[in-house]
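Visitor: Before we start, here is the structure in question, set down as structure tokens.
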Protein chains: 2
Amino acid sequence: MADINARTESSDLPRGTAMTVTTGPIRGSRKIHVGPLKVAMREIMLDPSCGEAPLRVYDPSGPYTDAAATIDIAAGLPEIRSDWIRARGDVEEVDQREVRPEDNGLKGPDRSGGVEPFPNVRRRVLRAKPGANVSQMHYARRGIITPEMEYVAIRENVGRAELREKAARDGQDFGASIPDYVTPEFVRDEVARGRAIIPNNINHPESEPMAIGRNFLVKINANIGNSAVASDVAAEVDKLVWSIRWGADTVMDLSTGRNIHDTREWIMRNSPVPIGTVPIYQALEKVNGIAEDLTWEIFRDTLIEQAEQGVDYFTIHAGVRLAYIPMTAKRVTGIVSRGGSIMAKWCLSHHKESFLYERFEEICEIMKAYDVAFSLGDGLRPGSIADANDEAQFSELATLGELTQIAWKHDIQVMIEGPGHVPMHKIKLNMEKQLEACGEAPFYTLGPLTTDIAPGYDHITSGIGAAMIGWFGCAMLCYVTPKEHLGLPDRDDVKVGVVTYKLAAHAADLAKGHPAAQLRDDALSRARFEFRWRDQFNLSLDPDTAESYHDQTLPAEGAKTAHFCSMCGPKFCSMKITQEVRDFAAKQNAPADTFIAATSPDEAERGMADMKEKFRLSGSELYLPTS
Amino acid sequence: MADINARTESSDLPRGTAMTVTTGPIRGSRKIHVGPLKVAMREIMLDPSCGEAPLRVYDPSGPYTDAAATIDIAAGLPEIRSDWIRARGDVEEVDQREVRPEDNGLKGPDRSGGVEPFPNVRRRVLRAKPGANVSQMHYARRGIITPEMEYVAIRENVGRAELREKAARDGQDFGASIPDYVTPEFVRDEVARGRAIIPNNINHPESEPMAIGRNFLVKINANIGNSAVASDVAAEVDKLVWSIRWGADTVMDLSTGRNIHDTREWIMRNSPVPIGTVPIYQALEKVNGIAEDLTWEIFRDTLIEQAEQGVDYFTIHAGVRLAYIPMTAKRVTGIVSRGGSIMAKWCLSHHKESFLYERFEEICEIMKAYDVAFSLGDGLRPGSIADANDEAQFSELATLGELTQIAWKHDIQVMIEGPGHVPMHKIKLNMEKQLEACGEAPFYTLGPLTTDIAPGYDHITSGIGAAMIGWFGCAMLCYVTPKEHLGLPDRDDVKVGVVTYKLAAHAADLAKGHPAAQLRDDALSRARFEFRWRDQFNLSLDPDTAESYHDQTLPAEGAKTAHFCSMCGPKFCSMKITQEVRDFAAKQNAPADTFIAATSPDEAERGMADMKEKFRLSGSELYLPTS
């Protein structure tokens, strides 16, 4: 097995550029590629003693966790979708829009950090042929099952084949339509209906297709990106690879400072997961941070710049309409969305309706030429418990529903962003209103945070809300790190945020009754019960942390196979005693099944009387001979 | 202000004894004592610029956070309840049961760690006079309002006086009966009905009274205790003080190794919060860990030993009946409760009904002589998602309901322990069944963990379940630390566990609609919006971590008063922009209220048309003169 959490440095980089990422398999796992489409999955190896097959799990980590892959960050990842895209015959190659100095901030790029532009930059990019629409939704509506849809179907099915013979469905799905088995046709139908999206820009052929939708596994997003105050390009590429290693399904690049174009190019070329951005952030940099100076032309040019780079979904705050803005004036925390506040300022300054709203159909034309999906931003989301579910929030949601219909008219894929800060009892209403207002377009929420009083722990205040709204039907959960409200997340924060959201999404999958979701829980519980410590670590979301916590109390190698743990010690282990109970029950005349029939205290009472009688008849020998 | 997180070493300890605890106020707060009963509370000081009064919060941390208190661990805490207990005239002083070597484990105490018996040990203890019953429930049912009940009423009311004039109730309480204002009579009535308990052994006069019940604030418990493998006495006393500093409302001493009696004495004499234990753990030590050798006599003697020391509630697994045990044989994880597995082994070995079940009324006689509350243990709780809500679990719950009625017949206070591992969609049924089976006796749950796949993060997998079941009506949440399933929690783990559960309990209070719960959220959100960074830290559950996270990105002192943060930088702050939006709106002819009337996109459209007209009439001046 390759080194655990090895760091790979790219050899082919310009002088002065330090760029390293984490590579090598997740501890105890190996990468596999299934079928002719080579769908990436991970297999968790189990101790031979248990007689169980390796457990396959969904895996968005890309080639970085493949021991057989060669990683060269300066070259970028292999373009696995390139042939699929070109084979459809509806794209043409055009010259990429010239990169201008202001694309990296009004003062141009800052090279002081030693990071150069991505070396392997393309000069030619793809665009739909005139009049063509290259969105997955467009294909789906014409009845075409794309390789992307087939890939998604295989990916979503992990574990379901085995399960169909083993267990009944269990869960509460709040009206979702989760199939026993995901067929490519089901994927097509979901995309055609707008209930799922496959965000895959034709200029991001490195991406492994994935779906976001209520009837698929709940996905999570990790945010990365530098700001004017901190962070640099190398750290962002590292965070991208690190966040998908631990399970991020998509990544948003929320960079706001200089080098914004170059950072994105490094990220796009090295990302196997869809990348989302908020284009208004870059547009604002181009006008030196003065919201009033934004124009449709600058914004439009930014959309094309980013679409050509391969961004898979754009957050667009087109629901922040002029008339809604004053609804926020009496809020405790006003407008907390950056995009929302930029547009609010623009609208009020010009006393005009938002150009994002007014030019929405023109935006659609750009989206369909590259298959960029909309992530309709909730610019008026509540920033505190006090502001949850208010008029401003739900007015904007109604507009997002109206815009969804317009996008769908153009066969553009859409998801809807959601709050924010919402106490537990107001979460369900968010999901219900979103489904109704937006025609079941996938919901993509930030948290929600269920209380405001725990800065430093907002991955948890929001993990609670995320698990709940995921259960209720939210399709993707945008992670929150421990640094939320306090500072920029570092590598450790990114990992904690991703793992927290991965467990919240999984808790939601379990509660929704996703077939096969419980296989991993059960495998881990069996390993726990049988004291297979290494299997227990390896089956967990974060094997490194699990093993290191165990070793803090019992570092000896022998403790990895010991039939006890540090909590109770060798003499006093409930799991050990349970095994003795089983062994004892097996030795008794009366098999365990005799007792299992007892379903009430009364019946149990009778069961005991029977047992006593059997015991008496057997001569009151407590331990009967085994043979 | 005293030092932050100072460490106080007791000066009056025997040679070789190192015993330190953390003292001094929580950052930015001061201890206050309200009314003639001197009810302990904490006041969070706010920046004078905001014009807000200090915010009072519930505070279980005891004298350790009082700058005016002198802490001497070798002497123990002041006996604040001593006069109240004696004034009732129903107790007598008797010689304490002689401490025997086996009280500290069969091999006797282990002094190698340098820790001696508690020096200030009492030789005389209190017991009810013959025929008397000193339980709070007994007083309550006779219509007596005790000082303990008055103390609880004042404590629970924090913030409600102000709120009554300000805000309407908001929340979903699932049938709870939360009053606008907590009167001593309400407390009495809740205790009399069995819906709440005040765990306060007459031999623990150091305790500050608190209530556990569905109609009071949701409480949390922290587990501490050494084991045969690790931990020592000094570390456990330190963890006690550390866990209440961050908000633990009760603490359970789950020690299982040697020094078990001495450890408990140190803990009792230094604890301002109720202490719970699982007496069967100590009884098992007395028979060298051999469950079959347990006898009623050894158990009974252990109950008296611990009751005399002042333990406030006993976990007793009297619901593990012989007939239920085989129901666990086909479980994925069998019996995971230590107490449950000990009793299961005893029952099967002897082929007899549990002596805890058969001697339950005799146990009641002991409880009422000291006012020890029952915490009826769930020895058959599920240890994995797969085993949740099964026959074994709910059969035991029915028996716990039956035992509750017996205890209530004796006027003994009771709470019921609950699971465990339960996926989200099965949590609510646990609460509903418990309320029904146990006559609304308070529920006290461990988590529940909502997935099994995240060892290392089980404070979060369980925090999700804890917040939800707290909302549904659970009265106390037993914390889980990041080390759950992996090792013994250290100081850092204890803090993370406590803060996680504190935020989960608070999220539940918000969702239930507890009056005044939201005051702290709102105060923090205002501080956040106004860039009062220090207030934001100080209002949080963990000011030290919040400030340290902030400082990792922006360490300069000036950044504490800066009107921006590291996430967006100085030019690009949504909260700053929102303030500009407000200022702008205020300058306009049309006040914000004109717009707030718009409640739908259509109305908003009309509002905008009005605004345009006003704008035109005002001469198209974008920025009108302010005066």
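One-based numbering along the chain as shown.
Positions of Cβ are set from backbone N, Cα and C atoms, glycine also.
Because TrEMBL annotations are produced automatically, they should be read as predictions rather than curated entries.
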Visitor: Per TrEMBL, which one of B:Met137, B:Met149, B:Met252 shares the substrate site with B:Asn223, B:Tyr281, B:His317, B:Ser337, B:Arg338, B:Gly339, B:Asp378, B:Gly379, B:Leu380, B:Arg381, B:Glu417, B:Tyr444?
Guide: B:Met252
Visitor: According to TrEMBL, region 'Disordered' applies to one of these ranges: B:1-23, B:185-207, B:530-552. Which one is it?
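Guide: That would be B:1-23, per the region 'Disordered' entry in TrEMBL.
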Visitor: What's the CA to CA span in angstrom from B:Asn223 (substrate binding site) over to B:His485 (Zn(2+) binding site)?
Guide: 14
Visitor: Take the binding-site residues B:Asn223, B:Ser337, B:Gly379, B:Arg381, B:Tyr444, B:His485 and keep those with a Cβ under 8 Å from any chain A Cβ; what remains?
Guide: B:Ser337, B:His485
Visitor: Same-chain Cβ contacts of the compositional bias 'Basic and acidic residues' (B:95-110) under 8 Å, 6 or more residues past its ends?
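Guide: That would be 117, 122-125, 257-262, 282, 285-288, 301, 304-305, 308.
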Visitor: Of B:Tyr281, B:Tyr444, the binding-site residues given in the record, which has the fewest other CB atoms within 10 A of its CB?
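Guide: Relative to the other binding-site residues in B:Tyr281, B:Tyr444, B:Tyr281 has the fewest Cβ atoms within 10 Å.
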Visitor: Between B:Ser337 (substrate binding site) and B:His485 (Zn(2+) binding site), how far is it from one CA atom to the other, in Å?
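Guide: Spelling it out, the Cα of B:Ser337 (substrate binding site) and the Cα of B:His485 (Zn(2+) binding site) are 12 Å apart.
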Visitor: How many Å lie between the Cα of B:His485 (Zn(2+) binding site) and the Cα of B:Gly379 (substrate binding site)?
Guide: 17
Visitor: At its widest, how many Å does the recorded substrate site span between Cα atoms of B:Asn223, B:Met252, B:Tyr281, B:His317, B:Ser337, B:Arg338, B:Gly339, B:Asp378, B:Gly379, B:Leu380, B:Arg381, B:Glu417, B:Tyr444?
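Guide: Greatest Cα-Cα span of the listed binding residues: 20 Å.
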Visitor: Return only the integer: C-alpha distance in Å from B:Arg381 (substrate binding site) to B:His421 (Zn(2+) binding site).
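Guide: Between the Cα atoms of B:Arg381 (substrate binding site) and B:His421 (Zn(2+) binding site), the distance comes to 8 Å.
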Visitor: Please work out which residue of B:Asn223, B:Ser337 has the most C-beta neighbours within 10 angstroms of its C-beta, and give that one of the binding-site residues.
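Guide: Max Cβ neighbours within 10 Å, all protein chains included: B:Ser337.
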Visitor: Could you say whether, by DSSP, B:Asn223 (substrate binding site) belongs to a helix, a strand or a coil region?
Guide: strand
